[in-house]
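Trainee: Before I ask anything, here is the structure I am working with.
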Amino acid sequence: VLVESLLVFTIVLLLHLVVWDRYSWCALALALQAFYVQFKWDHLLQLGGAVFQFRTGANSGLLPASMVIPLLGIVMKERCRAAGIVYFERFGIVVASTGMLVALFLSVIAVGVTKPVPTNTCILTGVAGSVIIYTMKHSLTVSEVIEVLEVLLIFVYLSMILLYLLPRCFTPGEALLVLGGTSFVLNQLIKRSLNVVEGRGDPIDFFLLVAVVGVVLLGLFFTVLFIFMDSCTWISSMFFHMMTAVLGLGVIMPWLYRLIQRNPLFWLLQFLFQTQARVYLLVYWTFLAASACGVVFYQNAKRSSECKKHQASTVTRKYFHFIVVATYVPGLIYDRQLLHVAAVLCLAVFIFLEYIRYFRIKPFGQTLRQLLSLFLDERDSGPLILTHIYLLLGMSLPVWLFPRSCAPKGTLPGVGALAPYSGVLAVGVGDTIASVFGSTMGEIKWPGTKKTVEGTMTAIFAQIIAVALILIFDSSVNLNSSYAWILVSVTLVSLLEAYTTQIDNLLLPLYLQIMFMA
């Protein structure tokens with residue numbers, strides 16, 4: 001935990017050596033108090049004194065999770081300020097302020113439920129809160145303050161509902177990232193729906209917002225419904241499919257129509273088949289999806305013939321990482337907008353299939369349970385299987401969060417051009433190579449972990465080679481001799497992978513994107 005904290009502090013300090021403004025003091029104060037409060041959370045988890053049931057086998061992860069959203073907002077603000085786009089510069093300030101306030105709220109909760117109340121930690125939390133609120137008072141307009149408070153309110157209610165309904169699925173840090181991001185997306189969708197005449201952004205952005213909020217609301221609806229019904233019967237399954245169609249066609253589709261001012265289905269079909277290159281990419285991705293399904297069926301057939309308790313090895317699970325890399329790299333090089341939309345569709349399908357598996361909806365619910373149980377690991381300790389969804393999010397978030405409007409046309413100068421590749425480098429290449437080489441050839445372990453020095457060093461080397469290949473094949477990337485910053489960024493994130501107990505598929509791409517965008 002101390003090494004993980006040291007790595008996060010190093011990233012924060014390096015970032016603010018490059019980007020220093022009034023929010024830097026807030027970020028440093030937030031990091032310092034999150035470091036102290038993290039140990040209070042860990043103590044609560046060990047004693048079983050937390051209000052909700054969190055994922056076991058991991059620390060609270062409060063410090064690394066607390067810094068992600070504020071740092072993303074800060075680097076987004078600076079990049080859009082350099083591009084002269086005031087709207088998205090203010091948006092970056094709102095993102096940073098929201099992330100700080102939500103993280104601070106979670107820290108206050110931890111301090112409040114700790115007995116006896118830790119005096120020093122309370123003082124530090126109060127000082128950090130005062131610095132953040134004072135800075136927000138002098139940086140945000142009244143409407144922006146209201147927006148930040150709206151996100152905080154949504155986060156509070158969403159946390160109470162989902163952490164109660166989904167025990168042992170998250171650590172506190174993972175809950176902060178997932179629920180904080182979902183709360184922000186929900187608030188953005190409400191805001192843009194109410195101001196649709198003045199709404200900014202293209203249909204691709206609206207498609208992401210509506211898809212994320214739609215699948216979350218769908219899950220909440222059926223979770224409440226199946227408290228009073230047995231979800232395993234054919235009648236309940238038919239009702240599930242019927243209500244999914246009603247909510248999709250009667251709520252989500254009209255909502256999207258209001259935002260993009262055109263028929264969503266016609267727009268989507270026209271978008272997907274707009275050029276011949278897109279058709280080739282879709283055919284190629286369909287082949288890769290069929291290959292992934294083939295791996296699942298083959299491994300399950302192998303388990304049936306060998307042993308019922310057989311579990312997929314680390315190397316076997318990394319097949320999917322290779323498939324995902326093969327999926328995302330052509331999309332990043334040839335058509336990022338198509339990749340953006342396809343990733344949103346894939347996320348919606350993944351979550352919907354998880355609903356079918358979780359509720360055991362006929363006719364595929366029980367089959368999905370049997371097929372996916374082979375690939376479970378210690379992180380899937382709750383009722384949901386989330387690791388494959390985290391993998392998709394880790395690869396997609398750098399594409400979704402990259403401020404396209406603030407990027408110059410044509411060739412992208414500097415390390416920021418690599419930001420959309422953060423998921424490919426951190427998860428697809430680095431994490432995969434570290435796991436494969438570490439589990440097969442690693443002998444020297446990092447102190448206090450199961451990860452090996454050989455795996456980490458090989459991961460760093462592989463990511464540097466991947467950057468060189470990106471330079472060769474993607475003509476839009478021009479690093480302007482920023483190789484030292486790339487090496488430092490990749491090294492820090494690879495070391496963080498070795499020491500963190502959080503979901504690395506989610507955390508590592510975000511930190512690498514933050515470093516690249518700085």
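Going from the start of the chain as shown, residues are counted 1 onward.
Cβ atoms here come from the backbone N, Cα and C positions, even for glycine.
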Trainee: Under TrEMBL, which of the candidate ranges 53-75, 168-190 is annotated transmembrane segment?
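Mentor: Range annotated as transmembrane segment by TrEMBL: 53-75.
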Trainee: For the transmembrane segment (453-473), give me same-chain residues lying six or more residues beyond its boundaries with a C-beta closer than 8 angstroms to one of its C-beta atoms, as numbers and ranges.
Mentor: 333, 418, 421, 424-426, 429-431, 433-435, 437-439, 441-446, 479, 486-487, 490-491, 494-495, 497-498
Trainee: Below 8 Å between Cβ atoms, which of the listed ranges 277-298, 340-360, 381-401 makes the most pairs with the transmembrane segment (485-512)?
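Mentor: Against the transmembrane segment (485-512), the leading stretch is 381-401.
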Trainee: If we skip the immediate neighbours and take only residues 6+ beyond the ends of the transmembrane segment (319-334), which ones have a Cβ under 8 Å from one of its Cβ atoms?
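Mentor: Those are 277, 281, 284-285, 288, 291-292, 295, 342, 388, 391-392, 395, 399, 420-421, 423-424, 427-429, 431-432, 473-474, in sequence order.
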Trainee: Which stretch, 117-136, 340-360, 381-401, 421-441, tops the Cβ pairs under 8 Å count with the transmembrane segment (53-75)?
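Mentor: That would be 381-401.
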Trainee: Short question: which residues 6 or more past the ends of the transmembrane segment (381-401) have a Cβ under 8 Å from it?
Mentor: 55-57, 72, 76, 166-170, 208, 320-321, 324, 328, 332, 336, 339-340, 343-344, 346-347, 350-351, 354, 357-358, 372, 375, 419-424, 426-428, 503, 505-506, 508-510, 512-513
